Amino acid sequence: WCSCRIERGRKIERERSDSLSLYTISSSIFIIIIIILVVIVIVYTMNNSTEGYIWKRKTRDMDQTHLFFSPDTTVTNNNNNNNNNRSKKKIIQSPSNKAKRYALVTYQELPEYMKDNEFILNYYRANWPLKQALFSIVRWHNETLNVWTHLIGFVLFFGLTVANLMHVPQVADFLSIFIRSFPMRTDHTNVSHNSKDFFLGTTKLIDLKQITSSSEMGTAMWPFYVFLAGSMFCLLSSSICHLFSCHSHHLNLFLLRIDYVGITVMIITSFFPPIYYIFQCDTHWQFIYLGGITLMGTFTILTLLSPSLSTAKFRPFRALLFMAMGLFGIVPAIHGLVVNWSEPRRNATLAYESVMALSYMIGTIFYVSRIPERWRPGWFDLAGHSHQIFHVFVILGALAHYGAALVFLEYRNKVGCGSSV
């Protein structure tokens with residue numbers, strides 16, 4: 001009886017601790033969202049107030065001189081009081097000149113270094129100051145959704161990282177919510193045996209409450225966080241690139257290279273959780289596979305740092321490099337399946353990794369083919385063009401790999417090195 005009361009008390013204490021941790025992480029994420037919204041409102045207000053001040057000032061000057069002008073011309077006052085017939089010009093700048101300077105332009109008006117997709121015809125920013133480029137995060141242009149898709153993805157992975165660091169399974173294990181929503185029936189069902197194993201395995205095995213610290217279980221967590229850090233770096237660098245690449249030719253080239261480095265880093269770090277945990281008890285295979293993908297990634301980064309390879313002409317070549325790095329994963333994947341064929345977690349990891357591979361493949365197809373704007377140039381300038389779709393599939397693929405990483409981590413925590421690797 002006493003032991004039951006003690007166990008019940010411990011259970012209540014754990015539930016309180018989990019609830020407190022969940023409240024803490026939820027509050028943190030909520031505060032981050034509020035801060036982002038406040039910054040957006042401030043930037044938007046400053047932008048509008050600045051333009052309003054310029055308009056009022058120019059309007060006052062116009063009233064004082066009693067002159068009319070158009071946005072495309074300057075007004076010149078001739079002083080006829082001078083006997084030498086000299087004319088004195090007084091130029092009044094149009095209140096719309098500033099707005100015109102930062103107006104969105106067409107593809108034909110772009111400088112050559114910014115011409116990347118001829119099927120997106122309008123709503124470009126060109127040679128904007130950094131301040132105006134920052135303000136444009138709350139304006140509609142053809143990069144708005146490119147910025148926000150990966151910025152939201154960055155916030156999402158940042159939240160998942162904090163949730164895992166604070167040991168909050170209710171947040172970190174959110175992917176299993178979708179799996180658990182499926183009704184599980186064991187009688188007279190037409191669901192295949194493999195599908196049933198996948199659902200049951202996922203709902204039972206992906207449970208972060210069973211994943212303790214590395215000091216207790218002897219399983220290192222750093223490969224898992226390396227993947228999360230690589231994903232956040234890729235998503236954030238992509239957002240920054242799309243936001244500020246309109247500033248100048250020099251900054252455009254620099255940010256494009258950082259963007260490509262971010263993609264490469266994300267691919268490299270995605271290999272760390274599966275290879276490290278599958279081959280944890282066979283370290284020479286860890287070294288071979290992780291060393292191989294790191295060398296491939298280093299070669300890709302050095303290749304893409306060339307300015308000539310950052311142009312639109314080499315878009316298929318860049319996609320080919322990224323796909324080659326992804327295809328390298330087939331070798332350790334087959335190896336892992338062979339030595340763990342009887343492992344019940346196999347179906348869950350295969351499902352997650354298949355979703356990841358399919359997402360990245362579909363996204364790459366959109367990226368290279370420029371569909372759908374190729375079919376209807378100008379129709380998808382603001383929303384729905386290929387690069388935005390590519391961004392969405394990148395996030396979906398990263399989330400699927402996050403789910404697989406949870407399975408790999410849980411597997412190694414439970415199995416240890418007493419079983420096959």
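Each Cβ is built from the backbone N, Cα and C atoms, and glycine gets one as well.
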*Which of His242, His247 does TrEMBL put in the same Zn(2+) site as His387, His391?*
His242
*asked:* My understanding is the cutoff is Cβ-Cβ under 8 Å with a sequence separation of 6 or more in the same chain; which residues meet that for His391 (Zn(2+) binding site)?
replied: Leu145, Asn146, Thr149, His150, Gly153, Ser238, Gly363
_Stretch of maximal Cβ-Cβ contact with the transmembrane segment (145-166) [cut-off: under 8 Å; candidates 258-279, 285-305, 317-338, 389-409]_ = 389-409
*Given the Zn(2+) site residues His242, His387, His391, which other residues of that chain have a Cβ within 8 Å of the mean position of their Cβ atoms, reported in sequence order?*
Glu143, Leu145, Asn146, Val147, Thr149, His150, Ser238, Gln388, Phe390
*To the transmembrane segment (258-279), which of 285-305, 317-338, 389-409 is linked by the most Cβ pairs under 8 Å?*
285-305
_To see if you understand the setup: which same-chain residues, six or more apart in sequence, place their Cβ under 8 Å from that of His387 (Zn(2+) binding site)?_
Asn117, Asn146, Phe366, Tyr367
